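I have placed the structure first, in the form of structure tokens, so that the comments after it can refer back to it.
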Amino acid sequence: MRVDGDTWDITSSVGATALGVAAARATETLRADALIRDPFAQILVDATGKATGWERLVAGDIDWPDPEAGRIYDRMVDYQATRTHFFDEYFLAAAAAGIRQVVILASGLDSRAYRLDWPAGTTVYEIDQPQVLKFKDSALAAHQPTAQRRGVAIDLREDWPAALRAAGFDSAQPTAWLAEGLLPYLPADAQDNLFRDIGVLSAAGSRVAVEGYEGKLVLDESEEEAVRREQVRAAFKTAIDVDVTIENLIYEDENRADPAEWLDAHGWSVTKTDAHDEMARLGRPVAEDVERGTFRGQLIQGELR
């Protein structure tokens, strides 16, 4: 369970979810019809220094004791590939519009500072826990970013705006912000504070992109559905020896603001794309039976009015 002031590295708590996301990007990269190409994802997964279940997943070396677990992983890869592609396009459009300052909030194992074709003069700020940034710095030490990359080692529940400014951030310049895979790991009030701080730090012409969710991440279910979910989770753990119980890491606050509505009410012109619709558009439709049992992601973009 989460507690105030908790911390983590890349193999524990919230940090472990970033490793799973990197594994999904690495898996996608190996597909013939890949939506994204991320050669750094495999490097990051391998850098854990041991033969992990995530490595076996990427290699396809998994004997699933329950086929449904493998199907869920495939769906996870499709979703991660879709949202990565969506936010890649967001950044490229921001760069084409002349934005040269980028902030990735809770960056985890994001590799965009290394793999996107940034215009000259672009600075990418990555904010995350100190141990997470330390791991990535070490794993990618032999590789050069395609923009000026600056790590900002701080928890987003602390005074991150001051740390960002200390790293060289210029609030007089337009910024492209990204909060991807972040909001459920923040309490509702911390989410409001995050958006408020983004607004204060944003100059005219700034843009923001957010991954939101329609309804609950952990859906209401019948007793039979709960039993089946636990069976699949056990199969996943048996296959890859990893147990990330998402319910213990997120905040399901009932008073959480809808991100698109909050941003629209605070000076941003917002567009919202349903993630399942985007998956279908990109040729990765969600099967009807899987769709009924999963949350619906919302891919949100805004431009400061």
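Note: Cβ is positioned from N, Cα and C throughout, glycine not excepted.
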Per Swiss-Prot, member of ASP128, ASP137, ASP189 binding S-adenosyl-L-methionine alongside ASP155, LEU156: ASP128
Pairwise C-alpha maximum, in angstrom, for the residues (ASP128, ASP155, LEU156) that bind S-adenosyl-L-methionine according to the record: 7
Residues within 8 Å of the ASP128, ASP155, LEU156 Cβ centre (excluding the S-adenosyl-L-methionine site residues themselves): LEU105, ALA106, ILE127, GLN129, ILE154, ARG157, GLU158, TRP160
Packing count at LEU156 (S-adenosyl-L-methionine binding site) (other Cβ atoms within 10 Å of its Cβ): 20
